[in-house]
Amino acid sequence: MAESLKGCSVCCKSSWNQLQDLCRLAKLSCPALGISKRNLYDFEVEYLCDYKKIREQEYYLVKWRGYPDSESTWEPRQNLKCVRILKQFHKDLERELLRRHHRSKPPRHLDPSLANYLVQKAKQRRALRRWEQELNAKRSHLGRITVENEVDLDGPPRAFVYINEYRVGEGITLNQVAVGCECQDCLWAPAGGCCPGASLHKFAYNDQGQVRLRAGLPIYECNSRCRCGYDCPNRVVQKGIRYDLCIFRTDDGRGWGVRTLEKIRKNSFVMEYVGEIITSEEAERRGQIYDRQGATYLFDLDYVEDVYTVDAAYYGNISHFVNHSCDPNLQVYNVFIDNLDERLPRIAFFATRTIRAGEELTFDYNMQVDPVDMESTRMDSNFGLAGLPGSPKKRVRIECKCGTESCRKYLF
C-alpha cells in the first residue's frame, strides 16, 4: 500500500501565509516555508484597531496576522513599517470624522464606536480584497476586476458565483454548430458572406472590431469550425472582456455598480450578460420568489420567441452588478457563435458612445427598439436590483435613481 502511494500528493487546505503563521505561533523554523531563525519573530501587521496620542507620540493598536485579537499590542508609530496600512487607516479615520463631526483632525483618543468602525472597515477591506482575488482567479477574460467600497460596511455579496459563460439549466441543451466558414479573409474576402452571410445577415464589425449594425439586428461571429484563426476580425464577443473594470459601491442608494478604468470607444464590445439559462416556466417560479425578496436578475431571451431566460442572481459575471439608466452608455445585441439556436442567443453589451475612464457603465433595464424590428431583446419586466421594493402579488412601480435628464422616474 505504501509503495503505491509514492509520488502522490494532495492539495493543502491552508494557504502559504497561514502555514507561515502556524510556524511562528509554534515557534518552529521551516526552510521550505521560508521561516528561519532570522525571521521567526518577524511579525506582520494585519490591520490597525485604534489610535491615541500621548504628548506628541502617536500609538496604534495593532492586530498581528496569525494571532488572536487578545494578542494585539499598542505600538509607537516609529515601530511600524506598514506605510500602506497606515495611510489607509488615517484616510478612513479622517473620512469618518468628517461624516460624524465635520472635522478631519484626529483627537488624542478615539471614541470606542469610532475605533470599532475602523476595525470593521479594515475587516471589510480584507474581505473585499479576498473577493477581488477570487474574481480574478475565476475570470477567463483579459480585463482585470477591482473592487471598492468607500460608502458603507457592506462586504462581498453572499451566494454569488462568478462564471464566464452560460450555465445551462436542467433539460436545456446548447447544440454545437456543425459547419464553419472557409474564408481566407473574413472581412475583406468573405466566402459566401462568411458566417453572417450563411445565416442571411450582414457582417457586424469594421476593421477596428466596432459593431456597425443597428441595435436589434443579430451578430453572427465565426465559430470553432471555421477555417480562420483567433485574430479573425469576426471574433469579438468570444474574446471576452478586455477592459479593466471596477465593481464599486454607489453613494446614492443604488447598491453596487460597475465603472470602467479605461477609455472605451463608441460601438466597442464591453461585456456579455451571463447566468443560468432556465425555461420561462422556471423563470416565472423564481420570479415570484425574487419578488418577495425584492431582488431579481432575469433577462428574457426573446429574440424569436420567449422560451428561455437568463438568471444571473446567483451565477453570473460582472454584468450582474451593472446598474440601470434611462440614458445608458451600453446597448444590447443578440450574438450567435457556436450555438445557432435562435431561441438561445448570447447577450452582448456594446458602447453607445465613447465612455471615459472612471465613468459608470449602465444599460436600460426597460430597453425598447424599433417596434417594426422583430429581432429585439428586452429585459424581463421582473428585472431589478437587490434591495429594490417589490410585491409577489401586485407589481409596484419602482422609482428610478439614475439621475439623468431623460429619467423616466420609474424603472417599469
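Each residue, glycine too, has its Cβ placed from N, Cα and C.
What you are looking at is a predicted structure, and each value in this text was computed from that prediction instead of being measured.
The region 'Interaction with SIRT1' annotation in Swiss-Prot covers 1-89 and rests on similarity to another entry.
In this structure, Cys194 (Zn(2+) 1 binding site) is part of a helix by DSSP. Its Cβ taken as reference, Cys194 (Zn(2+) 1 binding site) is surrounded by 26 other Cβ atoms within 10 Å in the chains shown. The annotation Zn(2+) 1 binding site is assigned in Swiss-Prot to Cys181, Cys183, Cys186, Cys194, Cys195 on the grounds of similarity to another entry.
Marked as Zn(2+) 3 binding site by Swiss-Prot: Cys186, Cys222, Cys228, Cys232. Counting only residues at least six positions away in the same chain, the Cβ atoms of Gly180, Cys181, Cys186, Cys194, Cys195, Cys228, Cys232, Asn234, Arg235, Ile337 sit under 8 Å from the Cβ of Cys222 (Zn(2+) 3 binding site).
Taken from Swiss-Prot, the feature N6-acetyllysine covers Lys266, and the record attributes it to similarity to another entry. Every protein chain considered, the tally of other Cβ atoms within 10 Å of the Cβ of Lys266 (N6-acetyllysine) stands at 13.
Swiss-Prot lists Cys326, Cys400, Cys402, Cys407 with the feature Zn(2+) 4 binding site, giving similarity to another entry as the kind of evidence. Taken residue by residue with DSSP, Cys326 (Zn(2+) 4 binding site) is part of neither helix nor strand, so it is coil.
Residues or ranges marked as phosphoserine in Swiss-Prot: Ser391.
Per Swiss-Prot, the feature domain 'Post-SET' maps to 396-412.
Listed in sequence order, the residues Gly180, Glu182, Pro190, Ala191, Gly192, Gly193, Pro196, Gly197, Ala198, Cys222, Cys226, Cys228, Cys232, Asn234 complete the 8 Å Cβ shell around the Zn(2+) 1 site centroid, once Cys181, Cys183, Cys186, Cys194, Cys195 themselves are left out.
Fewest Cβ neighbours within 10 Å among the binding-site residues Cys183, Cys186, Cys407: that distinction goes to Cys407. Its own atom aside, the Cβ of Cys228 (Zn(2+) 3 binding site) has 22 Cβ atoms within 10 angstroms in the protein chains shown. Under DSSP, residues within the domain 'Post-SET' (396-412) fall into helix, strand and coil as 0 helix, 2 strand, 15 coil.
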